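Student: From Swiss-Prot, here are the annotated features:
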BINDING   Asn113, Thr163, Lys167, Arg285, His317, Ser369  substrate binding site
ACT_SITE  Lys165  active site, proton acceptor
BINDING   Lys191, Asp193, Glu194  Mg(2+) binding site
MOD_RES   Lys191  N6-carboxylysine
ACT_SITE  His284  active site, proton acceptor
SITE      Lys324  site 'Transition state stabilizer'
Amino acid sequence: DGFKAGVKDYRLTYYTPEYQTKDTDILAAFRVTPQPGVPPEEAGWAVAAESSTGTWTTVWTDGLTSLDRYKGRCCDIEPVPGEDNQYFAYVAYPLDLFEEGSVTNMFTSIVGNVFGFKALRALRLEDLRIPTAYIQTFQGPPHGIQVERDKLNKYGRPLLGCTIKPKLGLSAKNYGRAVYECLRGGLDFTKDDENVNSRAFMRWRDRFVFCAEAIYKAQAETGEIKGHYLNATSGTCEEMIKRAVFARELGVPIVMHDYLTGGFTANTTLAHYCRDNGLLLHIHRAMHAVIDRQKNHGMHFRVLAKALRMSGGDHIHAGTVVGKLEGEREITLGFVDLLRDDFIEKDRSRGIYFTQDWVSMPGVLPVASGGIHVWHMPALTEIFGDDAVLQFGGGTLGHPWGNAPGAVANRVALEACVQARNEGRDLAREGNEVIREACKWSPELAAACEVWKEIKFEFATVDTL
């Protein structure tokens with residue numbers, strides 16, 4: 001019937017409720033808030049079109065390709081329970097639309113343009129189902145949970161970390177000293193803060209050298225393998241790799257990257273280097289709240305977490321759950337499972353919109369960090385189980401007697417909780433009792449319990465402005 005110019009009606013092409021999704025499709029769940037007066041179907045098919053092959057008008061070059069093969073399809077729309085004028089739109093994208101092994105391209109396609117679309121008041125990507133065919137084009141985490149435990153020779157308990165504070169202003173020598181004290185006291189890891197890169201008061205190379213010295217000294221004295229997350233994030237990919245190379249030359253076990261500010265391309269580059277050279281990779285999620293904090297716009301963190309597992313990282317910060325609201329606990333555990341497990345069943349109550357099969361891609365250790373201290377240890381052990389890194393910054397360095405006793409207190413609290421759990425005690429109910437008993441034979445822990453006995457961080461969650 002020939003080519004007819006004119007503005008397109010997306011509905012005819014992109015709203016296909018009868019479509020049977022394929023195993024190779026990437027499936028997306030969007031939370032759509034249409035502008036007043038825009039029907040939900042229209043918003044749904046507009047999302048499908050705008051994030052795949054659509055353009056606003058008919059173009060004659062459409063005749064040179066098969067839209068049916070390449071278009072995204074809005075295959076289901078349902079109202080969000082309890083919300084006015086919000087809808088879940090499910091969109092299926094054919095795999096051909098995505099470059100192999102590129103998280104960058106996946107996001108450019110799915111969320112690149114559509115979020116500014118005028119017919120929508122707000123748009124949030126709640127979840128993605130990544131098909132196994134696409135997952136197998138990614139290397140994923142450099143090592144994963146099991147290999148990390150084997151490298152560190154640490155089993156049957158969560159790992160302990162600590163972010164060195166004050167994060168800016170220390171000289172490299174004093175920074176290294178703080179690292180040594182924490183590791184000597186009983187922590188497994190210490191950490192560069194996310195914004196510790198390279199400054200006039202502490203250049204990266206000096207920091208790397210003094211931290212390596214601290215690691216080796218602490219290892220020699222404790223007989224345990226220790227690590228410090230050396231932050232390799234920098235202004236260019238070349239400089240980042242240069243820093244990772246130097247870390248490898250020092251023989252340290254782990255480096256670190258800020259994957260959102262650094263970008264997925266840089267992150268995947270570093271992850272490949274880390275696997276090739278036997279370095280573990282710790283990932284910080286600085287900037288995530290810019291993307292994931294609003295309930296009705298942006299992207300949920302579970303999507304960023306899935307993307308990180310594909311791009312590559314052995315640890316990633318994932319919130320603490322402690323002292324937060326109960327509902328949030330289930331949602332957090334949902335994406336913690338998406339990071340660690342091989343196969344995760346669809347479960348809307350935990351925020352998991354699609355069943356996800358990772359086909360044996362290595363898992364990522366979730367890192368609980370931010371405002372936690374010894375009294376939280378039973379809850380953290382109970383909630384996260386063994387496969388997690390528990391990170392106490394102020395909860396170590398804020399100890400009245402100093403860093404090493406702070407580290408001792410945390411290690412004693414952790415070992416007490418793990419032992420109590422293994423003996424069949426219920427940490428949810430008896431947690432405080434377990435900590436109190438341990439205080440009797442650890443003056444360091446007793447002092448820590450005294451300092452933090454009353455501190456709580458409880459606010460209602462802020463997710464809409």
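Easy rule for this one: first residue shown is 1, then count along the chain.
Just so it is clear, glycine is given a Cβ too, placed from its N, Cα and C backbone atoms.
Not measured: the values here are computed from a predicted model.
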Student: If you count the C-beta atoms lying within 10 Å of each candidate's C-beta, which of the binding-site residues Asn113, Thr163, Ser369 ends up with the smallest number?
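Tutor: Fewest other Cβ atoms within 10 Å, among the binding-site residues Asn113, Thr163, Ser369, is found for Asn113.
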Student: What is the set of residues, excluding Lys191, Asp193, Glu194, whose C-beta falls within 8 angstroms of the centroid of the C-beta atoms at the Mg(2+) site?
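Tutor: Not counting the recorded site residues, we get Thr163, Ile164, Lys167, Asp192, Asn195, Val196, Tyr229, Asn231, Met256, His284.
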Student: Are there residues of the same chain, six or more positions away from Lys165 (active site, proton acceptor), whose CB falls under 8 angstroms from its CB, and which are they?
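Tutor: Within the chain, Lys165 (active site, proton acceptor) has Cβ neighbours under 8 Å at Asp193, Gly393, Gly394, Leu397.
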Student: Just checking the binding-site residues Thr163, Arg285, His317: which sit within 10 A of Lys191 (Mg(2+) binding site), CA to CA?
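Tutor: Those close enough are Thr163.
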Student: Long-range same-chain neighbours of Arg285 (substrate binding site), Cβ under 8 Å, sequence gap at least 6?
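Tutor: Arg285 (substrate binding site) has long-range Cβ partners Asp258, Tyr259, Leu260, Phe301, Leu304, Leu308, Ile316, His317, Ala318.
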Student: Helix, strand or coil for Thr163 (substrate binding site)? Use DSSP.
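Tutor: Looking at the DSSP assignment, Thr163 (substrate binding site) belongs to a strand.
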Student: Judged by the number of other CB atoms within 10 angstroms, which among Lys167, His284, His317 is the least packed of the recorded positions?
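Tutor: Checked Lys167, His284, His317; of these recorded positions, fewest Cβ neighbours within 10 Å: Lys167.
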Student: Would you count the other CB atoms within 10 A of the CB of Lys191 (Mg(2+) binding site), including those on all shown protein chains?
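Tutor: I count 29 other Cβ atoms within 10 Å of it.
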Student: Looking only at DSSP and grouping its letters into three states, which state does Asn113 (substrate binding site) belong to?
Tutor: coil
Student: Across all the protein chains here, work out how many other Cβ atoms are within 10 Å of the Cβ of Asp193 (Mg(2+) binding site).
Tutor: 19
Student: Tell me, by DSSP, whether Arg285 (substrate binding site) is helix, strand or coil?
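Tutor: Assignment for Arg285 (substrate binding site) reads coil.
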Student: Recorded positions Asn113, His284, Ser369: which have a Cα within 10 Å of Glu194 (Mg(2+) binding site)?
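Tutor: Of Asn113, His284, Ser369, within range: His284.
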